[in-house]
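*Asks:* Sharing the record's features from Swiss-Prot:
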{"type": "BINDING", "residues": "115, 119, 311", "note": "Fe cation binding site"}
{"type": "BINDING", "residues": "138, 139, 140, 141, 142, 171, 184, 283", "note": "substrate binding site"}
């Protein structure tokens with residue numbers, strides 16, 4: 001049994017987890033998450049400097065709690081991993097420096113993990129996760145991407161958002177509607193009392209320079225602007241803004257766009273397994289719609305466990321375990337962090353000469 005201590009500090013969650021695997025079975029021994037939502041809610045979004053300082057404050061306590069809850073001593077851990085890209089650089093440094101320091105203190109090998117690969121790996125804690133090639137919809141506050149994953153974890157991005165990520169659009173529309181931060185859960189909650197067909201909001205597409213539209217790519221900036229114009233018009237007319245109806249209509253359109261393009265991409269690439277991960281993957285409307293539409297096409301849907309949709313260290317540990325199992329990858333202790341790194345460049349994190 002391989003055991004990994006993993007650290008995640010790429011944005012506004014401070015998380016430490018102890019995970020292990022035996023063959024194809026992955027187990028979480030502890031997964032402690034300290035959220036900073038209350039610290040950032042008054043600003044309507046994450047303040048990078050504040051987030052980094054909070055990680056410095058919280059990480060020692062989160063680390064101690066993760067070890068205590070797992071009943072595993074750090075000397076018994078086989079590997080130590082941390083998120084190194086992409087993310088907020090100051091936040092990434094806190095986790096990475098801590099992880100590499102622990103590696104030096106306890107003579108443990110280090111793995112730097114790509115944050116998006118971590119999200120992809122959250123599905124490993126689900127029953128009957130796909131063992132062959134599959135399509136992943138990764139949909140979160142910072143990313144909306146369609147990624148093909150082969151049976152050896154080779155990754156190819158097939159679609160992306162050209163502006164706002166879906167989760168970012170939820171936050172911005174939530175703010176427009178006067179809802180609390182983060183916008184995703186707030187919109188989902190109030191949308192339950194609204195009519196999702198009340199407003200005909202646009203499904204924005206990206207033009208292809210060769211003609212037509214890019215079939216697998218996303219754009220949510222125009223949808224956000226449409227909601228803004230709608231709210232402005234209602235206010236100018238002197239009427240009460242029907243927040244539940246707007247929230248429900250917005251939520252429906254986002255889910256429809258995500259589902260339609262995911263199913264189209266899966267069909268075009270002959271992939272009969274779709275994985276949905278990331279913070280927005282917790283949205284119930286999206287989950288139900290994806291399953292319903294995929295069933296019509298004989299495509300099986302694998303949903304990330306609800307408690308592992310948002311940022312957490314267990315998914316980082318799972319990514320590390322998978323790397324060790326199939327590719328025997330280790331990172332240099334000289335590896336730094338980066339705010340940007342495409343998923344196709346994840347293998348560079350294990351080169352003898354680090355990319356940063």
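Backbone N, Cα and C define each Cβ position, glycine as well.
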*Asks:* Which secondary structure state does DSSP assign to residue 119 (Fe cation binding site), in the simple three-class scheme?
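*Replies:* Where residue 119 (Fe cation binding site) sits, the three-state DSSP reduction gives helix.
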*Asks:* When a 10 Å sphere is centred on the Cβ of residue 140 (substrate binding site), how many other Cβ atoms does it contain?
*Replies:* 25
*Asks:* Under DSSP, is residue 138 (substrate binding site) part of a helix or a strand, or is it coil?
*Replies:* strand
*Asks:* Looking only at 138, 139, 140, 141, 142, 171, 184, 283, the residues listed as binding substrate, what is the longest Cα to Cα distance in Å?
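*Replies:* Taking every pair among 138, 139, 140, 141, 142, 171, 184, 283, the longest Cα gap is 17 Å.
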*Asks:* Which has the fewest other Cβ atoms within 10 Å: 171, 311, the binding-site residues listed?
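*Replies:* Fewest other Cβ atoms within 10 Å, among the binding-site residues 171, 311, is found for 171.
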*Asks:* Going by DSSP, is residue 311 (Fe cation binding site) sitting in a helix, a strand, or coil?
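*Replies:* Reduced to three states, the DSSP call for residue 311 (Fe cation binding site) is coil.
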*Asks:* Nearest to residue 171 (substrate binding site) by Cα, among 115, 119, 311 (binding-site residues)?
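*Replies:* Going through 115, 119, 311 one by one, the Cα closest to that of residue 171 (substrate binding site) is 311.
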*Asks:* What is the Cβ neighbour count of residue 184 (substrate binding site) at a 10 Å cut-off, with all protein chains included?
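*Replies:* Cβ-Cβ neighbours of residue 184 (substrate binding site) within 10 Å number 27.
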*Asks:* Distance between residue 138 (substrate binding site) and residue 115 (Fe cation binding site) at the Cα atoms, whole Å?
*Replies:* 11
*Asks:* What are the other residues, in sequence order, whose C-beta lies within 8 angstroms of the center of the C-beta atoms of 115, 119, 311 at the Fe cation site?
*Replies:* 8, 10, 83, 116, 118, 140, 278, 312, 315, 316
*Asks:* Just to confirm: which same-chain residues, 6+ apart in sequence, have a Cβ under 8 Å from the Cβ of residue 139 (substrate binding site)?
*Replies:* 145, 165, 166, 167, 258, 276, 277, 278, 279, 280, 281, 286
*Asks:* Using C-alpha atoms only, work out the spacing between residue 311 (Fe cation binding site) and residue 140 (substrate binding site) and round it to an integer in Å.
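*Replies:* Given the Cα positions, residue 311 (Fe cation binding site) is 9 Å from residue 140 (substrate binding site).
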*Asks:* C-alpha of residue 140 (substrate binding site) to C-alpha of residue 119 (Fe cation binding site): distance in Å?
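*Replies:* Computed Cα spacing between residue 140 (substrate binding site) and residue 119 (Fe cation binding site) is 9 Å.
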